[in-house]
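**Q** Before I ask anything, here is the structure I am working with.
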Amino acid sequence: MISKEEILEILNGYDLKNITIATVCSHSSLQIFHGAKQEGFRTLGICIGPPPRFYDAFPLAKPDAFISLDSYKAMLDESDRLIDENAIIIPHGSMVEYLGIQNFEALPVPTFGNRRCLAWESDREMEREWLLRAGVNVPMRFENAELIDRPVIVKYHGAKGGKGFFIAKNKEEFQSKIQQGQKYTIQEFILGTRYYIHFFYSPIREKGYRLRKGTLDMLGIDRRVESNADEIFRIGSVNELEAAGIYPSFVVTGNLPLVLRESLLPKVFDLGERVVETSIELFGGMVGPFSLETIVTDDLDFKVFEISARIVAGTNLFISGSPYSDLIEKGLSTGRRIAQEIALARSMGALGEVIS
């Protein structure tokens, strides 16, 4: 991984009055570019081949310029071009997937957030340690398939976007479905409602929901639309579907907005606070947007089953603000909140605290 000292040395050569916000043209790029423009930043889209035409349909979110590459890994070879643009890169899920973790960690361009959190987020053992040390409720895990005594969800390592999962109601069904030779995690299947909670942690802002250092925002909540799990049971029972050779899948195709019972908000902020404070102890802390993927049971308890330590696609629902972010600032999106953090850090001479 490129060192923080090397990144700060590169940043020292920037014209800070002319910072460019850059990201890969995918995932949440429309929101990121739109938010950056709202805060007065120049924007730069990184794409493979010709610039995507769909940006022409969304002029308020079309980047001011593009860098066209032959492959995403070519970003490392083109880092000097990005540096010449005074670029700060905003990572998102697609960028990390396309570029690869090792290449992302080595990219010699100032990047918003703490790159060290990626190792903790992407490794299921480390992620679980993080959550357990934070003291939040997590699903029970089975180390041995012989111990399965309830419905479970099985996640292959590296699963993302709803792929790489299956549900088994007992150990016999697990044995019939498991793909040998792949690493996997077995968790109890929690009955409840899924809430994907969008947070933003600022280590430099003082006004708001205070932590030991900085503040925590809760900007929105969504749930995922999954194909074909959200529609499949309209055509028959589980047994009828299995008899016909039809099985549920969980590929994410979209997102729906949600609001919580107001009485649950203290629990939400407690979850976010615990995860942030523990991240500071473990690896120096997350910076910026992150999401806790949770299930709320009928006892109104939260079970946290995953962390995404960057902007998530569910925030795209709220480009013009959410029921929660509107109570912070009218029309505030996560993309704009990122740009605001960079602008604030620049004005304070504290960019080193929010980039890596």
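The backbone N, Cα and C atoms fix where each Cβ goes, glycine too.
According to Swiss-Prot:
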BINDING   145-196, Glu226  ATP binding site
BINDING   Glu293, Glu306  Mg(2+) binding site
DOMAIN    116-333  domain 'ATP-grasp'
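In the displayed structure, how are the listed features positioned relative to their neighbours?
**A** Taking the Cβ of Arg194 (ATP binding site) as reference, residues of its chain lying under 8 Å away and at least six apart in sequence are, in sequence order, Arg223, Arg224, Glu293, Thr294, Ile295.
According to DSSP, Glu306 (Mg(2+) binding site) is assigned to a strand segment.
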**Q** Return the single residue from the binding-site residues list (Gln180, Gln187) that has the minimum number of other CB atoms within 10 Å.
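**A** Across Gln180, Gln187, these binding-site residues, the one with fewest Cβ atoms within 10 Å is Gln180.
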**Q** In whole Å, how far does the CA atom of Glu306 (Mg(2+) binding site) lie from that of Gln187 (ATP binding site)?
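**A** On Cα coordinates alone, these residues lie 12 Å apart.
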